[in-house]
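Below you'll find the structure, written out as structure tokens, and then a few comments.
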Amino acid sequence: MNNKLYGIILCFLLALPAWKLGKFFPLVGGPVFGIIIGIVIAILLKNRAKFDSGINFASKKVLQYAVILLGFGLNLQTIISVGSSSLPIIVSTISTSLIIAYILAKLINIPTKIVILIGVGSSICGGSAIAATAPVINAHDDEIAQAISVIFLFNVIAALIFPTLGDILNFSNKGFALFAGTAVNDTSSVTATASAWDSIHNTGTQVLDSATIVKLTRTLAIIPITLFLAVYNSKRSSNVNNFSLKKIFPMFIVYFILASIITTVCNYFIEVGVITENISITINNVFSFFKHLSKFFIIMAMVAIGLNTNIKKLILSGAKPLTLGFCCWFAISLVSIGLQKILGIF
């Protein structure tokens, strides 16, 4: 472990300012600042060899730990009861993004792993989906950084223009919550977009609460998609006859599901009064700590990814991934608006 310590400490220390900057500029978010800081420090870093094993550990294992802890933010009971009404639109937008990504991959010849990362990032939950998918498909750090950067760009655009667009289209509060929850990629940007609407229309946290639940419902798609990709990736890269689900099954996704179940069961016991008030406060504080730790681990992993990123390669290969990201984002927005219009939601 000692040979990893230097790199882990470096990533931890660099993640601190990235996390703080993410608090000040939520539209950008800590993960993006983490990548930027990592890229800058990588240019300045000398005697890099002693940091490499720790940096690689942070970019892979810490990323998986972040996904596991993410499960403690998912109360499956609440999501199922409230989010089920948005399911048709969620399924349609996810399907649209993945189909668009697949078609464009063939038309403009984008590397498969970048296509997958941008496709799932656009359709599910931005950086968290990319974090969950990257280890499953063995994505390189350059590819992860590129996908995160593309998702970030369209998150910012969405947060800036969607509240005004919602007014132009005469969205109801319910309609805009559903639009923000399905058409904005990352949870932090969904929060920013929905909060902006609440501020403009003096609706307290009504739209924010609903949009967050829609977003968390989308997040559940991480589970089937990562499992499918694990099977697909294994069959592509090895002999089909030697294929074993047990060998390729991403265990961190199992722990993610387990964390979600633990959260759901504990919340149920709190609601029915089985658990005393003092214990319930402690449990909620622990879950809150895990959720915050998950966010910090993602930032720490993004710092490591930034440190491993070839900036020249990232810039030179940027046009096609941007085109893919725009097409996925635009198509998701159109489908969300169109289906709401057809279903009479707004």
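Backbone N, Cα and C define each Cβ position, glycine as well.
Source: prediction; values computed, not measured.
Under 8 Å from some Cβ of the transmembrane segment (5-22) lie the Cβ atoms of residues 28-34, 36-38, 41, 50-58, 62, 188, 295-296, 299-304, 307, all in the same chain and six or more residues away from its ends. Per Swiss-Prot, transmembrane segment is recorded for 5-22 (among others).
Annotated transmembrane segment per Swiss-Prot: 27-49 (among others), in sequence order, evidence recorded as sequence analysis. Non-local neighbours of the transmembrane segment (27-49) in the same chain are 10-11, 14-15, 17-19, 21, 127, 145, 148-149, 152, 155-156, 159-160, 186, 188-189, 192, 295-296, 298-309, 311, 314; each lies 6+ residues outside the stretch with a CB under 8 Å from one of its CB atoms.
Beyond the transmembrane segment (62-81), the same-chain residues lying 6 or more positions past its ends with a Cβ under 8 Å from any Cβ of the stretch are 8, 11, 128, 131-132, 134-135, 213, 216-217, 219-220, 222, 252-253, 255-264, 267-268, 287, 290-291, 293-295, 297-298, 300-301, 304. The transmembrane segment annotation in Swiss-Prot covers 62-81 (among others) and is backed by sequence analysis.
For 86-108 (among others), the entry in Swiss-Prot reads transmembrane segment. Residues 115-116, 118-120, 122-124, 178, 181-183, 214, 217-218, 221, 320, 323-324, 327-328, 331-332, 335-336, 339-340, 343 of the same chain lie 6 or more positions beyond the ends of the transmembrane segment (86-108) yet place their CB under 8 Å from a CB of it.
According to Swiss-Prot, the transmembrane segment annotation covers 115-137 (among others).
Per Swiss-Prot, the feature transmembrane segment maps to 147-169 (among others).
The transmembrane segment annotation in Swiss-Prot covers 216-233 (among others) and is backed by sequence analysis.
Sequence annotations record features per position, and here Swiss-Prot assigns transmembrane segment to 248-270 (among others) based on sequence analysis.
Feature annotation from Swiss-Prot assigns transmembrane segment to 283-305 (among others); the stated evidence is sequence analysis.
Per Swiss-Prot, transmembrane segment is recorded for 315-337 (among others).
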Before we move on, state whether the transmembrane segment (248-270) and the transmembrane segment (115-137) share at least 3 Cβ pairs under 8 Å, counting only pairs 6 or more apart in sequence. yes
Could you pull out which residues elsewhere in the chain have a CB under 8 Å from any CB of the transmembrane segment (216-233), counting only those six or more residues past its ends? 67, 70, 73-74, 76, 79, 83-84, 86-87, 90, 94, 116, 120, 123-125, 128-129, 132-133, 136-138, 181-182, 187, 245, 248-250, 253, 256-257
